[in-house]
């Protein structure tokens, strides 16, 4: 079961020749956070594997998400019934978010410190990041709550917000697929600091702070959405296009044809087209009925699609045109919007969510084991594998 070979022989060979290249120009990261991480890394024991740091951070994010979900499954606890989420949960969220942020920032430093940097470590890091990105956002939604007629945000705004965040993540790795260089997005460090501040603010002042106009009649959530959209449209995406254009002028692009360069975008964009069609045309208004389940499914499906792009980008191979998730999703969406599912639409969402989550977990475990064996290393240990 766990021996399925998702990575081809050609891709394994590509991993052997892979070299990591990244550029970080964010002033917040360079001048403030990096000095902090350089101090924290000194207390990490040398026997700890870098992937263990990465995974520990992800587990903290996941645990925090399920904790908030327990108190606020339908994203209404902070709006209609303030106080349903205990204060300590928000403070714990700030703590786990900071710890996860720190662990994700020092794992690479620790790998270089222990001379254990490997392609598996980078794939493990970025693969978990592709999933954690959505989990961060889904946890934050509980702070501002669903729209109750006065404050909060609608489930449709949540979907748009999540889509923009995932679009930015996709652009970073599409950029690296074409340039060979990962230009670390400014939004990551800024978003982590904002998340931690939001949780601390909620824990110390209360959720009521999100229900009062802040500036010119706008609420904090309105300003955050405006900033996110503005940051994406006027800074992040244009910077991605500029970096690709600059690589084209320098003749350092990894892909010569326009088709090859755009190929990694096909499956992610089709995924969001199908999901948006479901959201807009759902007879039972599925997003409003099951917002947490639907948005979780969006995040998991996106993560699996992007993980395959990251593998191709790291191994210098061509990504598949259509991810297999698109086919069952198209069937479910078609059956839902045509009315064939009737009252079974929520059950179909639950079944599809279970399918993609199980498939993604299977994919992650199998890919990790396959690369671990190929590179003769352990995932969570610095010891070398014994050659059979």
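Cβ coordinates are placed from backbone N, Cα and C, and glycine is handled just like the others.
Note that TrEMBL annotation is computational and uncurated.
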- Item | Stated TrEMBL location of transmembrane segment, expressed as one of 190-213, 214-237 | 214-237
- Item | Feature transmembrane segment in TrEMBL, mapped to one of the ranges 70-86, 87-103, 104-120 | 87-103
- Note on the structure: Per TrEMBL, the transmembrane segment among 347-367, 368-388 spans residues 347-367
- Any chance the transmembrane segment (258-281) and the transmembrane segment (214-237) have 3 or more Cβ pairs under 8 A, given the pairs are 6 or more apart in sequence? no
- Are the transmembrane segment (87-103) and the transmembrane segment (293-311) near each other by the rule of at least 3 C-beta pairs under 8 angstroms (pairs 6 or more apart)? no
